[in-house]
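As given in Swiss-Prot:
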| type | residues | note |
| --- | --- | --- |
| ACT_SITE | 152 | active site, proton donor |
| BINDING | 38, 122, 220 | [4Fe-4S] cluster binding site |
| BINDING | 67, 100, 150, 248, 249, 250, 293 | dimethylallyl diphosphate binding site |
| BINDING | 67, 100, 150, 248, 249, 250, 293 | isopentenyl diphosphate binding site |
| BINDING | 67, 100, 150, 190, 248, 249, 250, 293 | (2E)-4-hydroxy-3-methylbut-2-enyl diphosphate binding site |
């Protein structure tokens, strides 16, 4: 886990809120930091942008490059064509694989169609893929904690379909069976709620006491950091607004975390126009954060809308500083001078 992650929630809350618990008694906004783009999303979006610059339109992208409407619409206007399946891409064309990763069968399909591929899979997702392959080679049963049908889960499970079982939530544990309880390991989708994942793992361990942990934390640093920041500010908020799309797992989890941490209400919005003024009735403090696939321009739009309703004092709640940067895929890296 990168050193920017602060999982000590109580301490994080005191530190973060120490600077905002002053004499402000009127309407205010608590603005979570960190929020927005993570290193994997930044890399994926730049990958499509660079591919368009280098090769020109159209560039095909298998699935949404990241789960955000604004980002996808912006790239589509620039010449990206988003498809659901590889066979929708013309033979010989360029296709970018999304940040969520793909199964080996997708690479095989692309090769059969002579597609030129650029893999924008987040390196932290690739890490989970490699773990799945490693433990499948050792003939483990792999319990993949994640949301059934999510692109990332489909891709990871596809690395070892005969060894992976998806465990969607804590209640799904009762249905899990394994061949050898002494050779079972859990892995996870990178964008889950930390708390719900740990509850699922707790139940799995009750059923399989020798359950092994992944070699390193699978839930990504950015997912954890954003949840920590929301937990720090939510107890002070009557309302939390999470900027993000409905199909963004990590954004949806932030709404759940806010409610679980004490916010009276929490809502997910794509744009400022999605905000219902009725939400502000009786509200003094509004918390604002955004999912890991959300550009800052959308957060600024929400802050402007809040200011129109009198919430013009913005106070940061900082629980971590993120500096991680991932290298671009080699196919679109700038040539060395």
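Yeah, the Cβs are placed from backbone N, Cα and C, and that goes for glycine too.
These numbers come from a predicted model, not from an experiment.
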Residue, out of the binding-site residues 248, 249, 250, 293, whose Cβ gathers the largest set of other Cβ atoms within 10 Å: 293
List of residues, in chain order, with Cβ under 8 A from that of residue 190 ((2E)-4-hydroxy-3-methylbut-2-enyl diphosphate binding site) and at least 6 apart: 122, 124, 125, 128, 152, 218, 219, 220, 223
Fewest Cβ neighbours within 10 Å, where candidates are the binding-site residues 67, 100, 150: 150
Lowest local Cβ density (other Cβ within 10 Å) among recorded positions: 38, 152, 220: 152
Taking residues 67, 100, 150, 248, 249, 250, 293, which bind isopentenyl diphosphate in the record, the widest Cα spacing (Å, whole number): 15
Neighbour count (Cβ, 10 Å) for residue 122 ([4Fe-4S] cluster binding site): 26
Residue 122 ([4Fe-4S] cluster binding site) in three-state DSSP notation: coil
Which binding-site residues sit within 10 Å of residue 38 ([4Fe-4S] cluster binding site) - Cα, from 67, 150, 293: 293
For the isopentenyl diphosphate site built from 67, 100, 150, 248, 249, 250, 293, further residues of that chain with CB within 8 A of the site's CB center: 66, 151, 152, 191, 247, 251, 291, 292
Three-class DSSP secondary structure - residue 100 (dimethylallyl diphosphate binding site): coil
Check: same-chain CB within 8 A of [4Fe-4S] cluster site center, minus 38, 122, 220: 39, 40, 41, 99, 124, 125, 190, 191, 221, 222, 223, 292
